[in-house]
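**Student:** Quick one: structure below, then a few questions.
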């Protein structure tokens, strides 16, 4: 056995953390970063610096390295690839031994991968593009409280996407008027209504009063329609104790689903709430408020596909994913990629959709993809074509903005959805025949006809800021 010796001083990171001959183990956590190095910093040195700072390294040699098996615990930069069309950037692939991370802790994984390293002077820009979680680590995480199939069984809804609506205006309504809007939307044909991300417990509408009026609306709509209904009661709160207090009250009054803002609320709170929901039979809707602060810049931050994986591990039955066709950012191919990462059990590397690694989820349940943001009845054919059945389509303004009121807006969306599902089941091409399908359905639905007339000119044709880098080995 070789004798370890300590030589004080500073040495280049690549001497220890660059290992192009390394073959990743099945149990390694793999990450790919898009790096923009400072001028004059070699690619291998920049990649090794990221591997060091996100694992065992520091800026100088330390004698305590001799007290551990550094060769086992260190992260290894093992491959570098060009970013298509970007001479100053490259992809760095890094392997981390699984023992660097606390079991079942998304918090700990994020603290390592995107902690101090993002302020490193050796790089001008750093973006975490994708992560491969080994199955051995996936199995230590709780994941979604219930998942897609259990939710369908709870809500008794099969063979189609679910329909929702975010109540607007998002702020300022009294609890009673808020409950009235919920009732009208649910009675009109929606499956769910929703608190917006910043509806918590403000002076104009305290949380307990909102919960009570909303539950009254749900029970009334269920009695009149014979369908199971729900409303995402946002339990995000200033403290974990207050969050659980609100969750317990939602359970007490019979609500089927609650909601959490998982980024602003934090992964620690989210994982705890997901565990509580699993133990108490409550569904959990997840909003991604604040995500674009970190994922929209193509040169620095965290890609949203990483957030989808982190959320699936931390726990949630629904996650907002963008719409492709609405008002929010979302490249079509990249969106299709992270939808699969949320819902499927096994996903293969597919650079055309931005997926850098194979990902196995084992028996972990899937998550409903939620399409929300600037959508209306004209988008229904494209939404069904893009998302398929295991999704929630949430029309906020596209319901409440109907010229005849909330119930009519809900009815228009329900008719449009059922017409598109029937057409798809008959083998028709939704995105090519969408106008014809909706026009035919509107002949027997004045609510749909009015909605189509109202929003016939509304489009959101802005170019995507975060374009997909199509890279091949």
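Cβ coordinates come from backbone N, Cα and C, glycine included.
The active site, proton acceptor annotation in Swiss-Prot covers 168, 287, and the record cites sequence analysis as its basis. The feature substrate binding site is assigned by Swiss-Prot to 116, 166, 170, 288, 320, 372, with sequence analysis given as support. As annotated by Swiss-Prot, Mg(2+) binding site applies to 194, 196, 197. Annotation source Swiss-Prot lists N6-carboxylysine at 194, citing sequence analysis. For 327, the entry in Swiss-Prot reads site 'Transition state stabilizer', with the evidence type sequence analysis.
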**Student:** Looking at the recorded positions 116, 287, 288, 320, 372, which has the shortest Cα distance to residue 168 (active site, proton acceptor)?
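**Tutor:** That would be 372, nearest by Cα distance.
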**Student:** So which binding-site residues out of 116, 196, 197, 320 end up within 10 angstroms of residue 287 (active site, proton acceptor), measuring C-alpha to C-alpha?
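**Tutor:** Passing the 10 Å Cα cut: 196, 197, 320.
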**Student:** So how far apart do the substrate binders 116, 166, 170, 288, 320, 372 get, largest Cα to Cα in Å?
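**Tutor:** Largest pairwise Cα separation, rounded: 37 Å.
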**Student:** What are the non-local neighbours of residue 116 (substrate binding site), defined as same-chain residues 6+ apart in sequence with CB under 8 A from its CB?
**Tutor:** 53
**Student:** Using the alpha carbons only, what distance in Å do you get between residue 288 (substrate binding site) and residue 197 (Mg(2+) binding site) once rounded?
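**Tutor:** Computed Cα spacing between residue 288 (substrate binding site) and residue 197 (Mg(2+) binding site) is 8 Å.
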**Student:** So which other residues, same chain and not among 194, 196, 197, have a Cβ within 8 Å of the centroid of the Cβ atoms at the Mg(2+) site?
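**Tutor:** Neighbours found: 166, 167, 170, 195, 198, 199, 232, 234, 259, 287.
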**Student:** Would you mind reading off the Cα separation of residue 194 (Mg(2+) binding site) from residue 166 (substrate binding site), to the nearest angstrom?
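**Tutor:** Just about 5 Å between their Cα atoms.
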**Student:** If you count other CB atoms within 10 A of each CB, which of 168, 170, 194, 320 wins among these recorded positions?
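**Tutor:** Compared across 168, 170, 194, 320, the most Cβ atoms within 10 Å surround 194.
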